[in-house]
Structures are given as C-alpha cells and as structure tokens.
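The following features are taken from Swiss-Prot:
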type: ACT_SITE; residues: His11; note: active site
type: BINDING; residues: Glu31, Asp33, Asp91; note: Mg(2+) binding site
type: ACT_SITE; residues: His47; note: active site, nucleophile
type: DISULFID; residues: Cys51-Cys57; note: disulfide bond
type: DISULFID; residues: Cys53-Cys196; note: disulfide bond
type: CARBOHYD; residues: Asn256; note: N-linked glycosylation site
Amino acid sequence: ANKRPAWIMGHMVNAIYQIDEFVNLGANSIETDVSFDKDANPEYTYHGVPCDCGRSCLKWEYFSDFLKGLRKATTPGDSKYHAKLVLVVFDLKTGSLYDNQAYDAGKKLAKNLLKHYWNNGNNGGRAYIVLSIPDLNHYKLITGFKETLKSEGHPELMDKVGHDFSGNDAIGDVGNAYKKAGVTGHVWQSDGITNCLLRGLSRVKDAVKNRDSSNGFINKVYYWTVDKRATTREALDAGVDGVMTNYPDVITDVLNESAYKAKFRIATYDDNPWETFKN
C-alpha cells in the first residue's frame with residue numbers, strides 16, 4: 001500500500017541541546033523561532049512569553065550559533081548527526097519589523113543560512129528548510145531571500161527551501177501572496193493555535209482540499225500544536241502531512257496504532273517535502 005509520509009515536528013526547539021532531545025523522542029522535523037533586531041538581522045532563536053502551556057518560553061541561542069549546531073546535527077559523518085532529522089521550520093517572528101523591512105530580513109536570513117548552515121555551499125547541513133512567515137504583507141522576505149542566494153552564487157540552494165504563511169489567513173489570500181512573491185511550489189500550509197486553546201479543523205480541511213485539487217497551490221499541510229492522542233487522530237483523519245507537537249513520543253505512539261500504521265509512515269530524507277502525496 002502507498003503510505004503517506006508523515007512529519008513529526010518538534011515545537012519550539014530553540015536551544016541546541018533540544019535538537020537531540022526532540023529527535024530522540026521521535027521528531028524527524030523541528031520548528032525553531034527566529035527573532036529579529038531593529039535592523040532586520042536575525043538575532044536569536046527565541047520565543048519569549050507567553051508560549052505554549054507546560055513549556056519554558058525563555059530558551060535561546062544566538063541565531064548563528066544555533067545554525068552551526070543544526071548544521072552538525074544534519075551533516076552526515078558529524079558526531080552529532082541525526083539521519084532522521086530531515087526538515088526544519090524557521091518560525092520567523094517578523095511582527096517586530098516594519099512591512100518595508102521584509103526584503104532586508106529575507107536578505108539577511110539568506111546570508112546567515114548560507115554562511116553558518118550551508119557552509120557556503122560546501123558540504124553544509126542537508127535538511128530541507130521551511131521559511132514560515134506570520135504576515136502575508138511580508139511576502140517580500142521570500143524575494144529578498146531568493147535574490148540573495150542568487151547574487152551570492154548559490155541559486156541551487158532554493159531547491160532545499162520551502163514556504164509557509166502561518167497567520168491562519170483565508171486560503172485564497174495566501175495564494176495571492178504567493179503570486180506576488182512569484183512562488184509556484186514548495187508550499188507547506190500551517191494551521192493551528194497554541195496548545196493552551198482549542199481550535200477546530202475546518203481550515204485544515206480547506207487546506208487539504210486545496211492540496212488535493214488539480215489546481216491547488218499547497219503541497220503539504222501541517223497542524224499545530226498537537227499534544228493529545230485524540231487531537232492527533234483527528235488531524236491524521238483529516239489528512240494532514242505533518243503534526244507539530246511538544247511531545248513527539250505521543251505522535252509516534254499514535255502513528256504506531258494499526259489504523260494509522262496502515263496509512264502513514266515516518267518521512268525520511270528520500271521523501272521530497274515539496275511533492276504532493278498522491279494516494
């Protein structure tokens with residue numbers, strides 16, 4: 001049977017030591033917060049208060065240091081290497097910036113990743129990267145990122161980069177933002193809310209419908225933050241590709257239940273995260 005590859009996405013992994021912690025609990029993907037200084041430089045991997053219930057909100061690294069740690073965790077042959085860790089979502093906290101700084105934020109983000117993660121294109125980290133932007137008005141971050149990799153001589157690295165708008169906007173509005181940014185693929189669509197609150201699955205179902213339609217723009221759908229078995233089952237039943245969680249072991253347990261084992265498998269490096277799964 002053709003099983004849907006699933007991404008178990010460790011939520012709020014902002015200290016380097018947490019990479020091991022979350023992957024060892026079953027995550028094959030992590031989400032990391034990125035905060036910016038007033039000049040649109042990515043500064044810290046930091047969430048801050050408030051954050052998910054039951055989590056410390058204050059763990060952080062300098063962004064460049066985190067990237068170096070992440071590179072080690074995703075470079076075959078390194079002592080810290082995890083073959084299982086194949087996708088990283090950067091939750092870009094651009095709310096602190098003016099709309100007209102989005103391009104610069106993308107440019108500076110690209111330079112940081114190029115140097116500290118991709119090692120200037122020389123045997124850098126291998127994980128796929130999703131740039132997750134909270135505000136549709138900040139679509140020029142994508143343009144800045146793409147144009148910088150090109151001008152720095154590494155346009156091929158965009159093959160490893162995907163996109164997400166995380167503001168729970170209407171799906172049509174998200175599609176329009178991608179048109180403006182010139183994005184025609186590599187689209188993950190998030191939907192969700194902090195684990196302190198409940199949220200239904202109606203928009204997730206809209207996103208799945210777009211993904212599975214012949215003219216949709218979405219390749220993968222993920223739901224956050226899912227900490228309970230019942231919610232995990234509901235999300236999987238709705239057909240998501242990824243579940244973001246504070247407890248990767250909980251999601252792993254559910255995926256091991258016979259009903260889900262028949263339909264899903266844990267995604268590996270050979271699963272292209274930009275390809276829509278066809279049953």
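Each Cβ is built from the backbone N, Cα and C atoms, and glycine gets one as well.
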Of His11, His47 (the active-site residues), the residue whose Cβ has the fewest other Cβ atoms within 10 Å: His47
Sparsest-packed of the listed disulfide-bonded residues (Cys53, Cys57) - C-beta count within 10 angstroms: Cys53
Separation of alpha carbons, Cys53 (disulfide bond) and Glu31 (Mg(2+) binding site) (Å): 17
Beyond the site residues Glu31, Asp33, Asp91: chain residues whose C-beta lies within 8 Å of the centroid, for Mg(2+): His11, Met12, Val13, Asn14, Thr32, Val34, His47, Val89, Phe90, Leu92, Lys93, Ser132
Neighbour-count leader, CB within 10 A, disulfide-bonded residues: Cys51, Cys196: Cys51
For Asp91 (Mg(2+) binding site): DSSP state (helix, strand, coil): strand
Spatial neighbours of Cys57 (disulfide bond) among the recorded positions His11, Asp33, His47, Asp91, Cys196, Asn256 [C-alpha, 10 Å]: His47
Chain-internal residues near Asp33 (Mg(2+) binding site), provided their CB is under 8 angstroms and they sit 6+ positions away: Met12, Asn14, Thr45, Tyr46, His47, Asp91, Lys93
Assigned conformation of the residue listed as 'active site, nucleophile' - DSSP reduced to three states: coil
In sequence order, the recorded positions (His11, Cys51, Asn256) whose C-alpha falls within 10 A of Cys196 (disulfide bond): Cys51
Three-class DSSP secondary structure - Asp33 (Mg(2+) binding site): strand
